[in-house]
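Undergrad: Got a structure for you, written out below as structure tokens; questions coming shortly.
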Amino acid sequence: MSTQIFASSSQNEKIHKILRPTKKLQPSVWGERFLHYNISEQELRYKQQQVEELKAVVKKEIFGESAYDVSHQLKLINVVERLGLSYHFESEIENELESIYNKSVDQNYILKDENLHDASLRFRLLRQHGFRVSSADIFEKFKDEDGNFKECLVSDTIGLLSLYEASHLSCVGENILDEALDFTTTHLTEFLANKKEHDDPLSKEISQALERPLRKSLERLAARHFISIYANETSHNKVLLQLAKLDFNLLQSIHKKELSEISRWWKESDFVHKFPFARDRIVELYLWILAVYYEPQYYLARNILTKTIALASIADDIYDEYGTIEELELLTEAVERWDINFIDKLNPEYLQTFYKELLNSYEEFEQALSKEETYRVHYAKERFKELLRSSLEVAWWLKEGRVPSFDEYLKISLINCGYHMLIVSSLIGMKGSIVTKEVFEWLSIDRKIVRASVTICRLMDDIAEYKFEQEKNEEPSAVECYMKQYGVSEEEAYDELNKRVVNAWKEINEELLKPTGVASPILVRALNFSKFMDLFYKNGDGYTQVGKVTKHSVAALLIHPIP
């Protein structure tokens, strides 16, 4: 960490020197690559027309035929979802799965000859869509008299992979799925170790799954990966494959156009020069929000949420890296008041600049909404205020050189990670009747699914920074606080925190089972935020230090179309 000295004028105009700690920042790796993207409305409409025509064919071929048996229909649904096409056929998929679920419940539907792959696929798809199916009822028959998974399953590699994916839909206390995860991970790893070449489709699928199972994968990245695998399957459905490629490239064009608009906003706002101490990551931030919702109808929501997280990122760097405690107290008070007339009390100038940008942005959010929707911005403001209050608490810990207890740390840092604010803010621009005042009130209480997503964010971020960063952060982290409170080693702290992350994923799975407290499209935002953490923070801080995973993800979704 280096230091810089700045001259700053206080309110009584007395000049004093401020020692500001600063990290050496990695500049944006993208430059102005995404600033200009030109695609005509005519070209977009043509692509959309092609997709619509193929959608009609697929709907008739796949969802219009009732003669398929359950196994075949589940496999078709799985292919449609993994190709990234499920958002086109939501009602059809839901109806099919509800029919399968009702058979399971009403007719004690147990297929004695159902193999491991089919049983695992049925379980995963039903759980994925919120149906409460019993893991014990489905998987107990694959165990031997000693309660272990049968050894004969080891040779069923496809079945093992399917069970592995299903095990990631487990809820708290489902021991059989914990055992399934251990069993499949061991034998799938051995399968790869015993192969000299990993170029065949199955080996590629297994490698990808072991790195990141479907439940934790960004839908668009997983779709891009699977499209290439599916294309090499001899029995692939040509219409489905063609639709998947066209749809992927159409969405990419839409997203590139949006990113171009967002990049212009970032450049015209001149944030890089106004806040030279802040991370220049607008492309990565757009990718973050693309993980939350990629569907075309969420254009406004993406625009608002990308700007929100960009402002939050600047605020994070102000509180963590740049501001003095006196400046941070002033800024926190100003944001609490949310009154432009307070701006003259802010010094130095960068505080005024940030405050003005913040208030103007939220005013623009209101203007982008209908009159009946403007109430939503109030809830987002309250969460942003809460975020800065927690950031000030953390700044005081740093100033005092204090390492809080783990319990005290979590109380503040779960707010400070920003995910509660972002989950609430993700609803501002969402159209439709499911987003209501009651939903915002529901989210204002400490809900389990929100807390679980926030826990994943906080702990994965802290582990990544503490474990992988050469330059240790001076502010307290979950790792350090846990070591202090419980008197354990660094590795023991990692183990415990990782267990909490695993448990949080199980809580998310449980909260998404029907009936849910609010509509599923609301809750799934928490799931999608968590998926992004697994991508960017599993092996380091992929946001601050843009590396291979980040570059690959941006290239796959926002640069290279599928040929």
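Each residue, glycine too, has its Cβ placed from N, Cα and C.
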Undergrad: Among 166-170, 236-240, 316-320, indicate the range for which Swiss-Prot gives the feature motif 'DDXXD motif'.
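TA: Within the set 166-170, 236-240, 316-320, Swiss-Prot attaches motif 'DDXXD motif' to 316-320.
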Undergrad: Cα of Asp320 (Mg(2+) 2 binding site) to Cα of Asp461 (Mg(2+) 3 binding site): how many Å, rounded?
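TA: Cα-Cα, rounded: 14 Å.
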Undergrad: Considering the binding-site residues Asp316, Asp320, Asp461, which residue's Cβ sits among the greatest number of other Cβ atoms within 10 Å?
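TA: Of the binding-site residues Asp316, Asp320, Asp461, the highest Cβ count within 10 Å belongs to Asp461.
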Undergrad: Just the number: how many Å between the Cα atoms of Asp316 (Mg(2+) 2 binding site) and Asp461 (Mg(2+) 3 binding site)?
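TA: With the alpha carbons as reference points, the distance is 13 Å.
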Undergrad: DSSP-wise, what's the residue breakdown of the motif 'DDXXD motif' (316-320) into helix, strand and coil?
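TA: Tallying H, G and I as helix, E and B as strand, the rest coil: 5 helix, 0 strand, 0 coil.
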